[in-house]
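Here is the structure we will look at.
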Amino acid sequence: MSVTSAVPEEILQDTYLIQGLMVAAKDAALYHGVLMRTVEDPNSSEMINYAPFSLFPSPVPENLFKEAMDVQKDFNLLIDRVSQDQEFLTKALESTIRVDDFTAHLFEIYKSVRDEGIRQNIILGINRSDYMFHNGQNDKPTLKQIEINTIAASFAGLGSRIPDIHRHVFQVWGKPEEAAKILKCEAIYRITDGIAKAWRMYGSEKAVIVFVVENVARNIFDQRCLEMELWRRNITVLRRKTEEIYQRGILDTDRKLFMHSRVNSQVGHFLLRLFPPVQDWNGRLLLERSRAIKCPDIATHLVGTKKVQQELTRPGVLEKFLYDNPEAVERIRATFVGLYSFDEGEEGDKVVAMAMAEPEHFVLKPQREGGGNNSFGEELKQLLGSLKDSPERSAYILMEKVTPLPVVNYLVHPGVPPKLTECVTELGIFGVYIRRCGNMVINDCSGHLLRTKSTEFADGGVAAGVAVLDSPYLV
Ligand code: ADP
Ligand code: MG
Ligand code: MG
């Protein structure tokens, strides 16, 4: 791919023009509500700023964009089927939960609700599959999955507004035809549709939706986009922390969940918007036991772990789950890179040796979310060196490193002067599905998200302050 920017080099170098576009872009971001609370005051909306974004859209190969959209329904189906296979999940996570407390807690809740019996047969899944464009042989980039997020897949709200900023920037620059080429993004509406549909299926007009939120709510405006869309459809949304749910929530004999704070506020449905996921295990258990529709339920949450992602790449696993759809198996497998387990024994020892020999070709990942947890290069070597022969190494997985061709763009971070930056992009595709008992009622590919970060950083998302929100310019 020769195109590294959506705009010509002379424009990128025109400081006067860029400065003008920056002013216009920042105001457009504020105007369109691309907002974030500040690091200093993450729980107050008294002082807010724009969320970091890129000045221009970044080039994305059109064929790979299409490929990512086309494979999303396959991933929805795969995740949903894996979530129903207790034997597979138990075996896949066995070694990890022995050494990783966090996953062990999740698994304990999973087992306990299974043993008790699950009261809700409607499943709502909202996930986001993330990809990079690997620069392989023949200079032809290929679509490679980084991970799939089954919990708190965020930025559909703010991401859907980035095209408005980019369109405006192109108009101010004097390129209305280019502006018209910028992709619309409807992720927020599609996801709202899915949530509203699940709410109707719950079958009570009075049921409320609870967003289970974290203590620090810097990214609240992204969540508000979803909340406001639901309110617009006359669906009541409450925001609650897990500890509040535990303290104030009541399960009746039918395991309907009620919130103390409002009369009649039966919880029809809750969405885990936590980033990182819930630490308050009692609250999570209460939610999980209830009749409320969970998004995600604990099984689907577990399917989103890095360990399960790795287990899915073993020979025969995709074929087992998608036995009725060999084309889906092909589409999915084409997006995989090498993923390796450190499980005890000779196989795991070989993986350690392989990573130690060429650390620059791999990424070491623990079972965590939200960016900034992975190790690369020298750091990987040191960490793995210290874990080497201990069972603790099973808390991690090893992944082949994807090496995209860089693009250039201006990353707009509050308070940081404009600087032309070499970056890599990561494309996310949202998927929404609803299953009732054995029937898929909805299986939807629900829009995209582009995030871009400086090549200076190997890891880190928007929430971690590294990546910015972007939009694709198809080339
Ligand atoms: P998280 O759940 O924390 O977002 P990810 O697996 O998405 O974990 O990793 C975080 C970031 O690390 C990604 O956004 C990407 O920038 C980088 N990264 C992860 N895996 C790879 C990989 N295989 N090759 C290159 N970069 C990667
Ligand atoms: Mg993740
Ligand atoms: Mg990620």
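Please read every residue number as a count from 1 along the shown chain.
The backbone N, Cα and C atoms fix where each Cβ goes, and this holds for glycine too.
Worth saying up front: this structure is predicted, and the values here are computed from it rather than measured.
The substrate binding site feature in TrEMBL is assigned to R128, Q223, R451.
In the three-state DSSP scheme, E369 (Mg(2+) binding site) falls into the coil class. Taken from TrEMBL, the feature Mg(2+) binding site covers E147, N149, E369.
Counting only same-chain residues at least 6 apart in sequence, those with a Cβ under 8 Å from the Cβ of E147 (Mg(2+) binding site) are S129, D130, K306, Q309. TrEMBL lists E147, K306, 365-374, E426, K453, D459 with the feature ATP binding site.
Per-residue pLDDT, averaged along the domain 'Glutathione synthase substrate-binding' (207-303), amounts to 84 for this model. For 207-303, the entry in TrEMBL reads domain 'Glutathione synthase substrate-binding'.
Within 8 A of the CB centroid of the Mg(2+) site residues E147, N149, E369, the other residues of that chain are R128, D130, I148, T150, I151, A153, G304, K306, G370.
Comparing Cα positions, Q367 (ATP binding site) lies closest to N149 out of the binding-site residues R128, N149, Q223, R451. Taking CA atoms as the reference points, R451 (substrate binding site) and E426 (ATP binding site) are 5 Å apart. Secondary structure at R128 (substrate binding site), taken from DSSP and collapsed to helix, strand or coil, is strand. Under a cutoff of 8 A between CB atoms, and with a sequence separation of 6+ in the same chain, the neighbours of R128 (substrate binding site) are I148, N149, A153, A156, G428, I429, F430, G431, L449. Across the residues the record lists as binding substrate (R128, Q223, R451), the two Cα atoms farthest apart are 17 Å from each other. Only E147 of the binding-site residues listed as E147, K365, R451 bring a Cβ under 6 Å of any atom of ligand 3; the order follows the sequence.
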